[in-house]
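Data first, discussion second: the structure below is written as structure tokens.
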Amino acid sequence: MSMSRLSQQDPQVFQAIQDELKRQQTKIELIASENFVSEAVMEAQGSVLTNKYAEGYPGRRYYGGCEHVDVVEELARERAKQLFGAEHANVQPHSGAQANMAVYFTILQHGDTVLGMNLSHGGHLTHGSPVNFSGIQYNFIEYGVDPETHRINYDDVREKALKHKPKLIVAGASAYPRTIDFAKFREIADEVGAYFMVDMAHIAGLVAAGLHPNPVPYAHFVTTTTHKTLRGPRGGMILCQEQFAKQIDKAIFPGIQGGPLMHVIAAKAVALGEALQDDFKTYAQNIVNNAKRLAEALVAEGFTLVSGGTDNHLLLIDLRSIGLTGKVAEKVLDEIGITVNKNTIPYDPESPFVTSGIRIGTAAVTSRGFGLEEMDEIARIISIALKHKDDEQKLDEARRRVAALTEKFPLYV
């Protein structure tokens, strides 16, 4: 990854980038929302398209000279529609949060009632957290998971929908390891006359590969990020029925954004093109296979998993059985070369800054080439580190085993 000009002009920024590259190369990345994009995606994002302003949409811009970026955005839109079977796609959102905001602005008024998943049960900030714009602007009613099974309680969702008559029901999560029944959600939404939106940010790559039910046939609106399991650049996207296309486009521009980031949209187009290839299906299947194997291996090591396992790319470890908090576990694992994030678990007695769990995902390690045997080894390393966090000899052993794995699967060389 040559950066000869940058190294000469701004050695401080260059060094920070090199340090981050080394971190990614020498550590095992298990944060469920992160992934490693292809070099083609990075080339598109680092292209001259970063210079071009293009307010508006293809064929309807407020600036001249947009004929080439129009081609790029149209490619991204058409590939998104093809990949997910959608009638309309908007690829301009800068993030998943802004994609969600645009949907809310399209159909909601200040104070309207919305049903969304409790953040501590696996939801997302933009699904009604009181510290987020969503919880401030709208009256969010929370649904959650069953205290025994840790799976979405659809009877509870229905009861709350019937009681509160929401204008919108939101499905999707940032830390839910099980398959979501979109058909059931739509049935509930129809029963109370609500719109139905799905935030598939975490599972978009699995949906694209046919490994998770596609929400597009059921939802009025589907939002997603373009990174995570989709393995594209950091950004957002909205899919919707044609009847809402003009409203959604207007909500993004001029509603909440100005000029789109054309270099990022180019990278989105490349990633969506990659996801349309047959080998992406193999990749996504390997993500799920690795997650299931890692879950089994962790259970064999004596760990407790929220809901007992996983159907997708992520799993949650309940650390209470070994007497650790998520905050401590995250720090211990980081020191031996494994990157995770502390995460609340359902009915967590700890604060969000401490937590009783950690969230683990397999998208990034799968991109790197890790397979089932490596999942077994990762489980063993995690077990050694967390059960012997004060034993420097054991921690050194864990570091050596991490190094052996990362050296076996080089990244960006």
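In case you wondered, yes, glycine gets a Cβ from its N, Cα and C as well.
As recorded in Swiss-Prot, the features of this protein are as follows:
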BINDING   LEU119, GLY123, HIS124, LEU125, SER351, PRO352, PHE353  (6S)-5,6,7,8-tetrahydrofolate binding site
MOD_RES   LYS228  N6-(pyridoxal phosphate)lysine
SITE      HIS227  site 'Plays an important role in substrate specificity'
Cβ neighbour count within 10 Å of the residue listed as 'N6-(pyridoxal phosphate)lysine': 28
Between HIS227 (site 'Plays an important role in substrate specificity') and PHE353 ((6S)-5,6,7,8-tetrahydrofolate binding site): CA-CA distance (Å): 25
Maximum Cα-Cα separation in Å among residues LEU119, GLY123, HIS124, LEU125, SER351, PRO352, PHE353, which the record lists as binding (6S)-5,6,7,8-tetrahydrofolate: 16
Intrachain C-beta neighbours of HIS124 ((6S)-5,6,7,8-tetrahydrofolate binding site), sequence separation six or more, cut-off 8 angstroms: MET117, GLY172, ALA173, SER174, ASP199, ALA201
Inter-residue Cα distance where the pair is LYS228 (N6-(pyridoxal phosphate)lysine) and GLY123 ((6S)-5,6,7,8-tetrahydrofolate binding site), in Å: 16
Length of the line joining the Cα atoms of LEU119 ((6S)-5,6,7,8-tetrahydrofolate binding site) and the residue listed as 'N6-(pyridoxal phosphate)lysine', in Å: 19
For PRO352 ((6S)-5,6,7,8-tetrahydrofolate binding site): intrachain residues, at least 6 apart, with Cβ closer than 8 Å: LEU119, SER120, THR344
Binding-site residues (LEU119, LEU125), the one with most neighbouring Cβ atoms at 10 Å: LEU119
Cα-Cα distance linking SER351 ((6S)-5,6,7,8-tetrahydrofolate binding site) and LYS228 (N6-(pyridoxal phosphate)lysine), given in Å to the nearest integer: 26
C-alpha spacing of LEU125 ((6S)-5,6,7,8-tetrahydrofolate binding site) relative to HIS227 (site 'Plays an important role in substrate specificity'), in angstrom: 18
Which listed residue (HIS227, SER351) has most other Cβ within 10 Å, given these are recorded positions: HIS227
